[in-house]
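Report on one structure; see the data block that follows.
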Amino acid sequence: MAMSFFDQFASPSYLGVPLIAIAITLPWVLYPTPPSRWINNRLITIQGWLINRFTSQLMLPLNVGGHKWALLLTSLMVFLITINMLGLLPYTFTPTTQLSLNMGFAVPLWLATVIIGMRNQPTVALGHLLPEGTPIPLIPVLIIIETISLFIRPLALGVRLTANLTAGHLLIQLIATAVFVLLPMMPTVAILTATVLFLLTLLEVAVAMIQAYVFVLLLSLYLQENV
């Protein structure tokens, strides 16, 4: 029974073809391509307005050098939000519940911010490892602690996204199973449980969007320290 709950997080395959590749490719098909004409339809107008608002909010604390990352970070957030939301539909698979996929996003982008800092301003980048005014006896210990915290950042990015989505999906499946079990025995309790399930589903929709935003926001903060 416990294994059946976790089966939803196993990467499915059909005829030997892993369906995670289709789940990753599908989001880009759902968004309309802006036409070349001046007048757009309402969907493209709303889509452009939302992306512009997010990009301006994300790039606000960054200097001009960090604005080169605007397209990458915005595309990443739209991609993460889409696959997180699609994973809430029945008979679907959420690729971001796989730690390997999230680490594949987190490690290269985090490493890119570190390399940019070391290349453009190595003194400032290395200065983050030792706070100003540190007593001399504590210098070796603080350097080790700050170095460890620096290398933990990509792990924290990937684990945060994986854990939040996995916990939400698992809780939804547990409560849904409870509703089916209680319905023939205690209909009133089952209806109350179904109400809790509906509210939890709405919360999980918010979590799917917030976690994508937090993932990209933390990356922008790491970038801000190195540009």
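Quick reminder: no glycine exception, Cβ is built from N, Cα and C everywhere.
Since this is a predicted model, take the numbers as computed values, not measurements.
Annotated transmembrane segment per TrEMBL: 12-31 (among others), in sequence order. Only residues 6 or more beyond the boundaries of the transmembrane segment (12-31), in the same chain, are considered here, and those with a CB under 8 A from a CB of the stretch are 47, 78-79, 82-83, 86, 92-95, 98, 101.
The transmembrane segment feature in TrEMBL is assigned to 69-89 (among others). Counting residues 6+ beyond its ends, the transmembrane segment (69-89) has Cβ neighbours under 8 Å at 23-24, 26-28, 30-31, 51, 54-55, 58-59, 62, 95-97, 105, 109, 161, 165, 169, 201, 204-205, 208-209, 211-213, 215-216, 219-220, 223 in the same chain.
Among the features that TrEMBL reports, transmembrane segment is placed at 101-118 (among others).
If you look at the transmembrane segment (138-159), the same-chain residues 6 or more away from its ends with a CB under 8 A from one of its CBs are 99, 102-103, 105-107, 110-111, 114, 128-131, 215, 218-219, 222. Annotation source TrEMBL lists transmembrane segment at 138-159 (among others).
Among the features that TrEMBL reports, transmembrane segment is placed at 171-199 (among others).
The feature transmembrane segment is assigned by TrEMBL to 205-223 (among others).
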